[in-house]
Amino acid sequence: MFKMVSSPHTHSSNLTAKFMLWVMVAMLPALGMQAYFFGYGVFIQVFIALLLAVAIEIAIAKLRRKPTAFYVADLSGVLTALILAISIPPYAPYWIIVIGIIVALLLAKHSYGGLGQNLFNPAMVAYALLLVSFPVQMTGWLVPIDLLNEPPTFGDAISLVFSGVTSDGFSVHQLLGSVDGIAQATPLDSAKTSMQKLGVEGVLQSPIFSGLFANGWWQINLAFLAGGLLLIYKRIIHWQIPAAMLGMFALLSGLTDLLLPHTHLNVVSQLFSGAMMFGAFFIATDPVTASITPRGKLIFGGLIGLFVYLIRYYGNYPDAVAFSVLLANICVPLIDHYTQPRLYGSGR
């Protein structure tokens, strides 16, 4: 006698771990690019994040009297830690990433019951809380190290992360101040603060958008794009969410360029100067907090693109990917409810 079960009809205990591992592998080129342009601080943040994430997952497993591998082997906590570590400034104080990992795993993930139960993307919950609570530390990005007169050594990187200054006593903001013509360390931040004074052409001709610095941000985004396309090719993620997110943002940004020329950065600069590619392929596609229906994925991705556009163009935060993902997460139950495909043989 056969047992009747509903789909899915294939099961694998290591399917989640395989998914998470592929996502992390696809992030490695961008991680390498980020370390190349911003120095050793990237690896230090990743090391702290991964170490603490594994420790928390083990502790939660013991508290719930589950096998240690129950929470650790699925790699979800490790992936969350890696995403958050890449998202914060490489030379942010160590306690920033510590608070972020605790919030992401304990508050945003395990307080809901663990993997598969959380309503919001854990890494983005932590990032948004850190950005609102510690704006100075979370905006302390350094320019690419090749633009600095004295790039931080590995010892300087450790000193910056754990004490706030290099071995010579320079803080991140003092190192940034040594580079002429740069008011903020990221292109979107600089454009936000300099647009009224310099205009679009002046901003695009400033050091932050020319030469090595511009190439640094572009190459990091191109690496995320390549990794995302790999995930689509391997069918780890679906194409609908990133396509809808990028398409909606590009459409609205392009219309703004046509209707209000010379008031904002052009579409290409907007797409490749912030966290857009990272968000589209590695954050918005989180299978737990994203929509699960084919039409729902398109709506979900389009909503994120819309929110990013509104916040970037009319809000106070220059990037806005984290807040946009969280706002779209709120809409997921409603989206899934109204986009469920009709079952074969059922009525309208």
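Backbone N, Cα and C define each Cβ position, glycine as well.
These figures come from a predicted structure and were not determined experimentally.
Lifted from Swiss-Prot, the feature list:
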{"type": "TRANSMEM", "residues": "15-35", "note": "transmembrane segment"}
{"type": "TRANSMEM", "residues": "36-56", "note": "transmembrane segment"}
{"type": "TRANSMEM", "residues": "67-87", "note": "transmembrane segment"}
{"type": "TRANSMEM", "residues": "88-108", "note": "transmembrane segment"}
{"type": "TRANSMEM", "residues": "125-145", "note": "transmembrane segment"}
{"type": "MOD_RES", "residues": "T186", "note": "FMN phosphoryl threonine"}
{"type": "TRANSMEM", "residues": "212-232", "note": "transmembrane segment"}
{"type": "TRANSMEM", "residues": "241-261", "note": "transmembrane segment"}
{"type": "TRANSMEM", "residues": "265-285", "note": "transmembrane segment"}
{"type": "TRANSMEM", "residues": "298-318", "note": "transmembrane segment"}
{"type": "TRANSMEM", "residues": "320-340", "note": "transmembrane segment"}
Discussion item. Counting CB pairs under 8 Å, which listed stretch among 88-108, 241-261, 265-285 touches the transmembrane segment (212-232) the most?
Written reply: 265-285
Worksheet item: At least three Cβ pairs under 8 Å linking the transmembrane segment (15-35) and the transmembrane segment (320-340), pairs spaced 6 or more in sequence?
Response: no
Fill in: Within-chain partners of the transmembrane segment (88-108) [C-beta distance under 8 Å, separation at least 6 from its ends]
34, 38-39, 41-42, 44-45, 48-49, 52-53, 56-57, 60, 77, 80-81, 118, 120-123, 125-127, 129-130, 134, 137-142, 152, 157, 160-162, 164, 172
Worksheet item: Out of 67-87, 241-261, 265-285, 298-318, 320-340, which stretch has the largest tally of CB pairs under 8 angstroms to the transmembrane segment (125-145)?
Response: 320-340
Response to the item:
Between the transmembrane segment (67-87) and the stretches 241-261, 265-285, 298-318, 320-340, the largest tally of CB pairs under 8 Å belongs to 265-285
